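Colleague: Okay, handing you the structure first.
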Amino acid sequence: MREIIDPSADQGAIEPTCRITSADGSESEYMFDEDADEVQVVAIKEIAEGDDVSQRSTESSGSVEDDRAQWGGKLEFLLTCIGYAVGLGNVWRFPYLCYKNGGGAFLIPYTIMLALVGLPLFYMEVVLGQYASLGPISIWRINPLFKGVGYAMVIVSWLIGLYYNVIIAHVLFYLFASFTSELPWKHCNNEWNTPSCREYNYQPPSALGNGTYNSTAWNATYVVNTTFTHNSTYSPIIHHSLITTPSEEYYNNHVLGKSSGLDEIGGVQPYLALTLLASWVTVYLVLLKGIQSLGKVVYFTAIFPYLMLIVLMFRGVTLPGAVDGMIYYLKPDFNKLLEPRVWSDACTQIFYSLSACSGGMIAMSSYNKFKNNCYKDAVIVCVINCGTSVFAGFVYSLYWGFMAQEKNVPVSGSCRWSSRFGLLLSIPEALTRMPIASFWSILFFIMMATLGFGSEFSIVECVLSALTDVFPQIQPRRANIIFRSVFTAICFLLGLPMVCKGGIYLLNLVDFSVGGFPLLIVGLFELVAISWIYGYNRFSDNIFAMLGKRPTKYWEICWKFVSLLVIGITVLMNIIMYTEPELDGQTYSDWAKSLGWLIVAFPIVVIPLWFLLRYCSDGGWKLLREGVKPLKSWGLQKPTRNLKYGHSGVTISQIAVRLPSS
């Protein structure tokens, strides 16, 4: 190359162009940025038709990264997205929300929220990551003032990853405990059991004469009336006790060593600490090489849970009472649809279930090829994700019905679903009723661990890849290994308070705080920044560059109006109908509630804080200083004589006023 002959030589062209003369005397025409003051040609590379073109760059250098890692194949990306989106939230939170929000009726708002909010946001994030090939923080060079949204995403992912691995530690505890001839939570004759423990075949003491038993609910208070006659004196003695199940006491007393509240945090549960360590070691080993190792593991973590759910379904339909549970799950209570809380829960669950607005999908799709059909991927993952939630709830309903018949109670009283962690009480209890209970228990908890790890791997990799993009000095292999080692060690230490005797209260508080407002607020800012500030038309051009076609009107309406409106209303409803966190009916002290609000504010406050810092550093302070100064035209516009102040009566013979320059 020699020189630039004539920038903007072609006056009729739509885009600014320059004509470059090469060494052999031939000329070529190239487009350049219309806002550029100067064009410097460094190198010209001919790109064959069909080659991928993307912004393979780091945050600090801004240079092209030709060696940025990519998925080994399209299936790896698809399975990773499925493993990331399909996790414990599908088989843990969703059945709980269905149970408390009208059974099958909850599927209606859940599906509507998927179409109006979940799918549009999911597709938007996949497009962003694939187009720019940048992590959730670096991606915000699209709008530097909103880079705080990227930091908020990573903080949310980090917080979720911290407590998510604690839940996996609980699952691993049950998995290891299942390797025995008889499950330890089957009977009430263990050292951790209390006098309130009753096995499922317990018969009320009616043989004592006038004993009575309220069998309408398993957790009802039973009353034993015994009559004593002495010297013609009648003395009724009434004993009250709360019935608990062996599985409930195993979880609360043995696994958790549960204290009275967060104020009594207690010591670390040693076995839970060991399983938590095993969880973080597993995460570290799988992510040691980044997506190269993650892409291979997902073939197992994404597929195996479905095989297990199918096996559990076929076993469940053969159990007595399964039909009753199925009817309870599918039969809708339409009266629940009139409650705003049901719709709010559905919208929040969509965010949590799809892992939207936590940066993971941006990170995963950033390793895609530029021409990958991300639209098709987004639809497939969303449908599979929500279908898994419904299917998992259906499988569990079979066991609800089975336990209800075993206990001779209604299906609504067959499980302890008073908290988000009821799954670890109800399903293990059902497993004890089955032949070869240990075998089924091992399979079930392997499935749960696989689901958990499938999401945890992607959650942690999202945080790691985002930080690696921002700090290129940790990109070299040796530095990256050290960084990942230190990061996982710190995460393990931060998770230890959640495996203390009062740790379940902290775990519940973090889950309650992170899974609501932060995700909704991040989604709100993300939609505004992309659809309105960056502009829908530009975003549509980006999609056209990758897929060769523009999004339909449906996406435009959702991105610009509907999704924004729904999220805004959901945030407002959550504020109006706010309920304080509690666990099994036990409320938190004031300092614990304050801690919860600090957790909520932690990711959210980063958004306006970064906006102000960037604004000020880019000249905002100077603009502010200049903006508060009086203009040169301030004051009288012409020299004036004999002006009188009306109140003082003072006469000024002449006031010299500098005239504004013409």
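Cβ coordinates come from backbone N, Cα and C, glycine included.
Keep in mind that TrEMBL annotations are predicted by a computer and have not been checked by a curator.
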Colleague: Candidates are C98, C188. Which one does TrEMBL pair with C197 through a disulfide bond?
Modeller: C188
Colleague: Around C197 (disulfide bond), how many other C-beta atoms are within 10 angstroms of its C-beta?
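Modeller: For C197 (disulfide bond), the 10 Å Cβ neighbour count is 20.
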Colleague: What residues, ordered by sequence, lie under 8 A Cβ-to-Cβ from L451 (Na(+) binding site) and sit at least six positions away in the same chain?
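Modeller: V86, G87, L88, N90, V91, T301, P305 - these are the non-local Cβ neighbours of L451 (Na(+) binding site), listed in sequence order.
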Colleague: Using a 10 Å cut-off on CB atoms, tell me which of the recorded positions A85, V86, C188 is the least crowded.
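Modeller: Lowest Cβ count within 10 Å among the recorded positions (A85, V86, C188) is C188.
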Colleague: Please identify the stretch among 149-176, 271-291, 379-402, 516-536, 557-577 with the greatest number of Cβ pairs below 8 Å relative to the transmembrane segment (439-460).
Modeller: 149-176
Colleague: Give the nonlocal contacts of the transmembrane segment (303-330) in its own chain as ranges (CB under 8 Å, at least six residues past its ends).
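Modeller: That would be 79, 86, 98, 103-104, 388, 391-406, 411-412, 414, 433-434, 440, 443-444, 446-447, 450-451, 454.
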Colleague: For the Na(+) site given as G83, A85, V86, N90, S353, N385, L451, S455, which other residues of the same chain have their Cβ within 8 Å of the site's Cβ centre?
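Modeller: Neighbours within 8 Å of the Cβ centroid, excluding G83, A85, V86, N90, S353, N385, L451, S455: I82, Y84, G87, G89, S355, T388, G454.
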Colleague: Which residues of the chain, 6 or more past the ends of the transmembrane segment (481-504), have a CB below 8 A from one of its CBs?
Modeller: 161-163, 165-166, 169, 256-269, 272-273, 276-277, 280-281, 283-284, 287-288, 421, 460, 463-464, 467-468, 474, 510, 583
Colleague: At an 8 Å Cβ cut-off, counting only pairs 6 or more apart in sequence, do the transmembrane segment (516-536) and the transmembrane segment (77-95) clear the bar of 3 or more pairs?
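Modeller: As far as Cβ distances go (cut-off 8 Å, pairs 6 or more apart), the transmembrane segment (516-536) and the transmembrane segment (77-95) do not touch.
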